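**Student:** Have a look at this one before I ask anything.
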């Protein structure tokens with residue numbers, strides 16, 4: 001890896017399909033040349049709080065994320081240095097004691113709801129994507145995910161969506177759509193958009209290789 005890595009930001013509301021889009025792009029490249037980093041891994045450490053206090057945290061607000069650490073890690077990767085990516089425990093609502101060693105790669109894919117909200121992160125991205133999906137579809141996907149994967153009850157998911165997730169989406173996430181270079185409708189179902197992005201990324205890689 002001789003040239004500066006390419007950073008692709010994939011943002012969008014919860015349940016929009018942004019994770020699917022990010023993974024579909026990821027799978028089109030050799031694993032030795034690409035890495036996927038989730039913004040969720042950079043939720044702030046809340047180990048000093050009780051579980052009851054952690055449950056009151058607004059996880060859809062920009063202040064829930066430790067973007068300072070994420071930016072520090074991105075600069076390290078850009079400079080050819082490995083990082084120790086934190087691992088977030090969704091059931092305990094704080095960071096676990098584990099970390100994942102991430103080596104620098106030619107392509108870095110960032111994925112998260114509020115990636116485009118922080119100007120410092122936007123400035124590091126070569127391509128900014130926003131995955132745009134109907135709100136009804138997003139809430140259904142969130143319900144299924146949180147109940148199956150994160151040990152939540154249906155009642156708690158609905159309450160969180162109406163009181164926190166939807167208001168935060170309208171206030172903080174939806175406005176970041178204007179920063180996107182490309183808006184992808186229908187999330188991971190949009191094969192045309194995903195294939196176009198892969199082609200564009202390959203072109204950027206080839207362009208950097210001859211500079």
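Keep in mind that glycine also has a Cβ here, set from the backbone N, Cα and C atoms.
Look at Swiss-Prot and you will find 12, 13, 14, 15, 16, 17, 18, 19 tagged as ATP binding site.
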**Student:** Give me the non-local Cβ neighbours of residue 18 (ATP binding site): same chain, 6+ apart in sequence, Cβ-Cβ under 8 Å, ordered along the sequence.
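**Tutor:** Counting only residues 6 or more apart in sequence, the Cβ neighbours of residue 18 (ATP binding site) under 8 Å are 10, 11, 12, 111, 112, 113, 129, 131, 187.
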**Student:** Let me spell it out: for each of the binding-site residues (12, 13, 17), count the other Cβ atoms within 10 Å of that residue's Cβ, using every protein chain shown. Which one has the most?
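**Tutor:** The residue with the most neighbouring Cβ atoms within 10 Å is 12.
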**Student:** Over all shown protein chains, what is the count of other CB atoms within 10 A of the CB belonging to residue 15 (ATP binding site)?
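**Tutor:** So the number of other Cβ atoms within 10 Å of residue 15 (ATP binding site) is 26.
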**Student:** Indicate whether residue 19 (ATP binding site) is helix, strand or coil by DSSP.
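**Tutor:** Looking at the DSSP assignment, residue 19 (ATP binding site) belongs to a helix.
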**Student:** Taking every protein chain shown into account, which of the binding-site residues 14, 16, 19 has the largest tally of Cβ atoms within 10 Å of its Cβ?
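**Tutor:** When each Cβ's neighbours within 10 Å are tallied, 16 leads.
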